[in-house]
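Enquirer: Before I ask anything, here is the structure I am working with.
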Amino acid sequence: MGKEEEKESGRNKMNCFGSVRSIFMHADGVDWLLMGLGLIGAVGDGFTTPLVLLITSKLMNNIGGSSFNTDTFMQSISKNSVALLYVACGSWVVCFLEGYCWTRTGERQTARMREKYLRAVLRQDVGYFDLHVTSTSDVITSVSSDSFVIQDVLSEKLPNFLMSASTFVGSYIVGFILLWRLAIVGLPFIVLLVIPGLMYGRALISISRKIREEYNEAGFVAEQAISSVRTVYAFSGERKTISKFSTALQGSVKLGIKQGLAKGITIGSNGITFAMWGFMSWYGSRMVMYHGAQGGTVFAVAAAIAIGGVSLGGGLSNLKYFFEAASVGERIMEVINRVPKIDSDNPDGHKLEKIRGEVEFKNVKFVYPSRLETSIFDDFCLRVPSGKTVALVGGSGSGKSTVISLLQRFYDPLAGEILIDGVSIDKLQVKWLRSQMGLVSQEPALFATTIKENILFGKEDASMDDVVEAAKASNAHNFISQLPNGYETQVGERGVQMSGGQKQRIAIARAIIKSPTILLLDEATSALDSESERVVQEALENASIGRTTILIAHRLSTIRNADVISVVKNGHIVETGSHDELMENIDGQYSTLVHLQQIEKQDINVSVKIGPISDPSKDIRNSSRVSTLSRSSSANSVTGPSTIKNLSEDNKPQLPSFKRLLAMNLPEWKQALYGCISATLFGAIQPAYAYSLGSMVSVYFLTSHDEIKEKTRIYALSFVGLAVLSFLINISQHYNFAYMGEYLTKRIRERMLSKVLTFEVGWFDRDENSSGAICSRLAKDANVVRSLVGDRMALVVQTVSAVTIAFTMGLVIAWRLALVMIAVQPVIIVCFYTRRVLLKSMSKKAIKAQDESSKLAAEAVSNVRTITAFSSQERIMKMLEKAQESPRRESIRQSWFAGFGLAMSQSLTSCTWALDFWYGGRLIQDGYITAKALFETFMILVSTGRVIADAGSMTTDLAKGSDAVGSVFAVLDRYTSIDPEDPDGYETERITGQVEFLDVDFSYPTRPDVIIFKNFSIKIEEGKSTAIVGPSGSGKSTIIGLIERFYDPLKGIVKIDGRDIRSYHLRSLRRHIALVSQEPTLFAGTIRENIIYGGVSDKIDEAEIIEAAKAANAHDFITSLTEGYDTYCGDRGVQLSGGQKQRIAIARAVLKNPSVLLLDEATSALDSQSERVVQDALERVMVGRTSVVIAHRLSTIQNCDAIAVLDKGKLVERGTHSSLLSKGPTGIYFSLVSLQTTSG
């Protein structure tokens, strides 16, 4: 058993060293050179103090043991003072190297680490992201706060450690040279100083990992809510999110307090230094009495041992950060070193010289890695001939999209093989394989860059002409050309500034520009309106010519021209043939599906005679390009005069108030009081110790042995007393400040998230407020503020206490010398303060750069399937490199200032010592002070200088802390233009649901020059269903955004029940409105939790959940899953098919029992059979409710009480289905129906 424990211990040591190495794994040749020079600088800086002590011993011996009236007295003093000035010059050089080199290499290595980490994450196979449900928040944390931890260690904490270690070594060398007997006696005290530090470091590794794991859970809650803020707002889920976030934070609070206690015990243990002085004073007196040692030499050796010990203790206090960085670095290296099973970077594998595109699935067996109990394919076979179009149809969740995922090698099958041109795809080079395919997914993933850049994701080296041609082929060129910035228009995070149809057309252009051999279309036209769909369908059919095409569609009218149609059911192909062949089998699966869809269109086919519709359709085609459905906002967004002021203030946060920060800590006032008292007492210990030390030195120069023994006993006991006090006070101080800091951090995070979730949707649409950037601020800023209030506040109180007491004592003992020594203190303070100001101005840009990196990382991970499909990893890495260019330049400047600041402050300290001794010698010679007064005053005020220097060492933390506090209050103080909790708002228990738009003007804040509505009016009757139809980008979804009050109109009024929507208490109003969006947003929880999210009450019965699921036609598929309602949905519902997600979203809305139901393409993702049943369910749910239905598929809205037709942001027609058709070919609705009938 003992041997096993020994082996385990050995393994832990190896792991520890391995994790420490991980901090430096990102260094290149230049970094090693910088670290080498920085090492010389840090070691040189450390050796400066022992050298100063060596010279000081000579000065003290001159002062204490010489006759003050001789001519040689001042000569000796002057000579040794000049020697101190030489040391100061050398100190300047080494300190500059230390400051410059470490700051520079810290930024270089962390920038490279971010790049390697993101590259490694994007290299992982899709299965990795399925299994790591918090991967998005993990990546944000690693790219922002984790890289910040490593940069802090490399730039500041590591050089501090090296400097402290070299001070320790240098001190012992000087001690042995001057008085080896005393040095040997002091040697055992090292053990007493080292053990607490090592124990603390070991405990900290465990605690810091646990804290990180605890916060990751909270960060994931926040990231989900912010990235899906429209869903959170629509379902009034803010309080649920805050409650879940708060619960997740509680664990990290307890661990943080535990960490503070461990730190208090460790630093308190350094009080052993005082006890050591007690022993060394006694033993030193014996050296003086019996071995002829001089007092100055005894002091220098004892001081060297004490300073060496204190330095080692100070170095060990940096272990906290060092081990934390090692823990972070190890976790990051695990990801970087992870080689995925399906490796897109692996150059091995065949590249076919000429690819025909014949695809074959042979006896494939497959389950998703995250749902091993649910079999998707078992002995699945499919053959796609070269150059042919094969359409896959079947129920939602039958495995159609899995075919595309397996063909692209997102996953590998468990058994069987997949062949292209007779070659198994696992033998082909992964990147080459994917380059032969063009993918258009059901939910198009766009990146927060320009339209042009998004299309170029398909082909890196394409020309502008290629981009335009691809856009024309996907029917996107016209609407892009109408935008003010054309192809340079920013699409926003996840493409939020584009309508669904516009996003889909950009995604199709991205696939077409690739000129792929194999075209994969997964519901490629599901988001398009009728007119766009027809043209894009033609474009896709043209693109399919000569290419192998696999087409998945619920709308069977889009696939009737396919060469082969295969019906998938329960993971098997149950029918195969052409449309005509399959229709011959009346009882077949395919003919049944077609029959279901034809029933929906019977009325249309009877009513419409397809005739002279070319002109109207042409008009529609032109009109659909004019308006752009922007859903976003940017830094110069405008929602009215008050908002202009509001947004400009966003960018200018007021100077942070420390008083306000303390006010937030008011509930912990007892801990604050105890902590401050403890810090004040610990501050007083330093001057008391210095006074005892100065007095003790003067004792060594006494001639009476009895007097030496008596006074030595008194001072030795006082040192022991100080040691005990120091231990107890430190424990109290660090525990209380950790308690304060942790609860403040929790409170700040809760209040920030709570405040953020009151901001208008336009704020989230701005580039700088992406979910990644906000989560990064939640993680990082609160941590920095905690450090400011905890560790830094304690240090400030200590410093004030020590300085006040020391200055008073110095002035009482020897006022002339004290005044000179106090007068030069500001010089050192100014150096540190200047360094702080320079670093503060530059740290802002560093933080901004990390936000940019976080935003990019979050977006990349969210769209990892698209990146994988298009092998766009390199393009993302170039975007990251571009985002870091500006901060790289700033870092170089920052390094120079860091070097100069440290060099000046450290070298001036030695200069002041030279001045103190020279001037003190003059005062002694002139008879103004005694040697005892000089030693006491010098010790007291020099120790104060050290305290100020220690306080100065936190200038970097203060700079970062000040920015973080400013960032926190900028969020907390921001005025919300659409306040969901307006106390004056009208709260209503129920609404009838009459909606009216009166002379509404509206443009999305990001593009105020593109008018969506101008004098727009519409009345939606209570309890009736109103369908909104029209071309893509005509303003249909904008109506829903205004009813939900995501935005306010620029002019005019939106009324509900005859009352201006702005007069309502917004959250109470939203309780009566339910939204089902085109792209359903689910949260990472169980199906049950996602449905309950729609509940207004906190207590929802199981029967209500099942009833809602049945109404949405979801109950059957949910109960067929192994875990049933407890099935985990995955991040954003990735574990479920599009149709399954949509049905859960509908169930969530049904559970709300709303007065107003908003359906934005609610059935677009469903297959025909599900659509019919859900459509019936929705129609039942719509009875007696005000329903606003947006649909491209006109067959789904013909039973609505009223149909409103929009074009170019205007209401051009209104009536029932039959009354609008009766207008004939001149009517726009007639034309839209005719287009769908033609394509059907």
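Numbers here mean position along the shown chain, with the first residue as 1.
Yeah, the Cβs are placed from backbone N, Cα and C, and that goes for glycine too.
Copying in the features that Swiss-Prot gives for the protein in this structure:
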- GLY394, GLY395, SER396, GLY397, SER398, GLY399, LYS400, SER401: ATP 1 binding site (BINDING)
- 35-324: domain 'ABC transmembrane type-1 1' (DOMAIN)
- 995-1233: domain 'ABC transporter 2' (DOMAIN)
- ASN542: N-linked glycosylation site (CARBOHYD)
- ASN605: N-linked glycosylation site (CARBOHYD)
- ASN622: N-linked glycosylation site (CARBOHYD)
- ASN646: N-linked glycosylation site (CARBOHYD)
- ASN769: N-linked glycosylation site (CARBOHYD)
- ASN1015: N-linked glycosylation site (CARBOHYD)
- 35-55: transmembrane segment (TRANSMEM)
- 82-102: transmembrane segment (TRANSMEM)
- 158-180: transmembrane segment (TRANSMEM)
- 184-206: transmembrane segment (TRANSMEM)
- 264-284: transmembrane segment (TRANSMEM)
- 296-316: transmembrane segment (TRANSMEM)
- 681-701: transmembrane segment (TRANSMEM)
- 714-734: transmembrane segment (TRANSMEM)
- 794-813: transmembrane segment (TRANSMEM)
- 817-839: transmembrane segment (TRANSMEM)
- 895-915: transmembrane segment (TRANSMEM)
- 923-943: transmembrane segment (TRANSMEM)
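I'd like these features described in context: how deep, what's nearby, how far apart.
Expert: The local packing around GLY394 (ATP 1 binding site), expressed as other Cβ atoms within 10 Å of its Cβ over all shown chains, amounts to 25.
On the 0 to 100 pLDDT scale, the domain 'ABC transporter 2' (995-1233) averages 83 in the predicted structure.
Within 10 Å of the C-beta of ASN542 (N-linked glycosylation site) there are 11 other C-beta atoms, taking all protein chains into account.
Note: ASN769 (N-linked glycosylation site) has non-local neighbours TRP763, i.e. same-chain residues 6+ apart with C-beta under 8 A of its own C-beta.
Secondary structure from DSSP puts ASN1015 (N-linked glycosylation site) in a beta strand. Residues within less than 8 Å, Cβ to Cβ, of ASN1015 (N-linked glycosylation site) and separated from it by at least 6 positions along the same chain comprise ASP999, VAL1000, ASP1001, GLY1052.
Among residues of the same chain six or more beyond the transmembrane segment (264-284), those with a C-beta under 8 A of the stretch's C-beta atoms are 182, 185-186, 189, 192-193, 195-197, 199-200, 293, 298-299, 301-302, 305-306, 309-310, 313, 316-317, 689, 692-693, 696, 700, 712-713, 715-720, 722-735, 738.
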Enquirer: May I ask you to report the DSSP-based helix, strand or coil state of GLY394 (ATP 1 binding site)?
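Expert: In three-state terms, GLY394 (ATP 1 binding site) counts as strand.
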Enquirer: Using a 10 Å cut-off, grab the number of neighbouring Cβ atoms around the Cβ of GLY397 (ATP 1 binding site), all chains included.
Expert: 23
Enquirer: Whole-number Å distance between the CA of GLY395 (ATP 1 binding site) and the CA of ASN542 (N-linked glycosylation site)?
Expert: 27
Enquirer: I'd like the number of other C-beta atoms within 10 A of the C-beta of SER398 (ATP 1 binding site), please.
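Expert: The answer is 21 other Cβ atoms.
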Enquirer: Cβ under 8 Å to the transmembrane segment (794-813), counting only same-chain residues 6 or more beyond its ends: which ones?
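Expert: For the transmembrane segment (794-813), the sequence-distant neighbours (Cβ-Cβ under 8 Å, at least 6 residues beyond its ends) are 675-676, 679-684, 686-687, 690-691, 733-734, 737, 819, 821-822, 933, 936-937, 940-941, 943-944, 947-948, 950-951, 954.
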Enquirer: Okay, the transmembrane segment (158-180) and the transmembrane segment (923-943): do they have at least three CB pairs under 8 Å, pairs separated by 6 or more?
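Expert: Output no: the transmembrane segment (923-943) is apart from the transmembrane segment (158-180).
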Enquirer: Give the three-state DSSP assignment (helix, strand or coil) for LYS400 (ATP 1 binding site).
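Expert: The three-state answer is helix.
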Enquirer: Residues of the same chain, at least six outside the transmembrane segment (82-102), with any C-beta under 8 angstroms of its C-beta?
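Expert: Distant Cβ neighbours of the transmembrane segment (82-102) are 34-35, 37-38, 40-45, 48, 51-52, 55, 154-156, 158-159, 163, 895-896, 898-911, 913-914, 917.
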Enquirer: Looking only at SER396, SER401, the binding-site residues on record, which one has the least crowded Cβ, with the fewest other Cβ atoms within 10 Å?
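Expert: Looking at the binding-site residues SER396, SER401, the Cβ with the fewest others within 10 Å is that of SER401.
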Enquirer: Counting Cβ pairs closer than 8 Å, which of 35-55, 296-316, 895-915 has the most of them with the transmembrane segment (158-180)?
Expert: 296-316
Enquirer: Against the transmembrane segment (895-915), which of these stretches has the most C-beta pairs under 8 Å: 35-55, 296-316, 714-734?
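Expert: Selected stretch: 35-55, with the most Cβ pairs under 8 Å.
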Enquirer: Taking the Cβ of GLY395 (ATP 1 binding site) as centre, how many other Cβ atoms lie within 10 Å?
Expert: 22
Enquirer: For SER398 (ATP 1 binding site) and ASN542 (N-linked glycosylation site), determine the Cα separation and express it in whole Å.
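Expert: Spelling it out, the Cα of SER398 (ATP 1 binding site) and the Cα of ASN542 (N-linked glycosylation site) are 28 Å apart.
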